[in-house]
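Record features (TrEMBL):
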type	residues	note
DOMAIN	B:1-55	domain 'HTH tetR-type'
DNA_BIND	B:18-37	DNA-binding region
Number of protein chains: 2
Amino acid sequence: MLAAAAEQLFEHGLAGVTFEKVALRAGASKMTLYKWWPTPGSLAFEAYFHAVEETLAFADTGDIERDLSSQLHSFVALLTGAGGPVIAELIGAAQSDPALAEAFAANYTRPRRRLAVETLERAKVRGQVRLDVDSEVVVDQLWGACYHRLLLPDQPLEPPFVDALLANLLRGIRA
Amino acid sequence: MLAAAAEQLFEHGLAGVTFEKVALRAGASKMTLYKWWPTPGSLAFEAYFHAVEETLAFADTGDIERDLSSQLHSFVALLTGAGGPVIAELIGAAQSDPALAEAFAANYTRPRRRLAVETLERAKVRGQVRLDVDSEVVVDQLWGACYHRLLLPDQPLEPPFVDALLANLLRGIRA
């Protein structure tokens, strides 16, 4: 059912994810969907999370710069490919729909944020990131910066941007 | 007319900015509005830009950390006050409306980005920011990070966040 919901989402956008259409595509009963998901939005976001989970997995080579770099390059490839229009539509719609916003946060952005924070906390234990750095803030300065270029596309979202994000944050920008 | 459009925007959201309603409020003719703005969206965003221009002005004390800090604290105060719901609605609506997105970029986000980049370039000339840093990327890691917390509010947007953004970027996060 998650696979069917993800296919509907990528092909038809959020409007394509109704219990009726997903049930039809999955060959399941609508009742089953109602039982597991409170709203079509929560189904859509959980489906999106699972569809991109492998693509967005964090490597754990022991080198934080390398692991962040490979994950962020995958993330930007997703945003500049099939995932970009979908996620921009979701974030856009969430701004005027509190139930959708909560479903998106619970089923996609909070779990993804947690994975990123865990990666940064491991790097602290290994002595690669300063202990006084707030990992939550780093998430906004890496992934949030990418969302900014996706949603307000005044500058290009492309691979060199990822390298610049990491260089600025790891080295600092002071002369 | 810009003042009347801004009042409509803050009181009624984007739906309140029609040429008819703004003309009525400003005591102007609709024809004048049609002459100056191609769409109600472009009028709304130029009005928003002017309404917040003074609040979001960059000081130029010669100390980049201090100047960025005071501007970012004003920006976050705006986003957590009257401006937040308005700008979240605008960015949300822009995701499914290309004409609106272009009007927003041309009349608000590109001019604001330019002011931030100019401030950072001045700091390079003064030897406070490394010459090889891309100022455009810094914009995404400061203001973009704030937009991220506004649009995907999984973590609080509040004054200590601004201080952490600047500390991470100016010092770097490496142990």
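Cβ from N, Cα, C; glycine included.
When Cβ-Cβ distances below 8 Å are used as the criterion, the DNA-binding region (B:18-37) is approached by residues 1, 3-5, 7-8, 43, 46 of the same chain, each at least six residues removed from its ends. When DSSP labels each residue, the domain 'HTH tetR-type' (B:1-55) comes out as 43 helix, 0 strand, 12 coil, counted as helix, strand and coil in that order.
Over the domain 'HTH tetR-type' (B:1-55), the average per-residue pLDDT in this prediction is 92.
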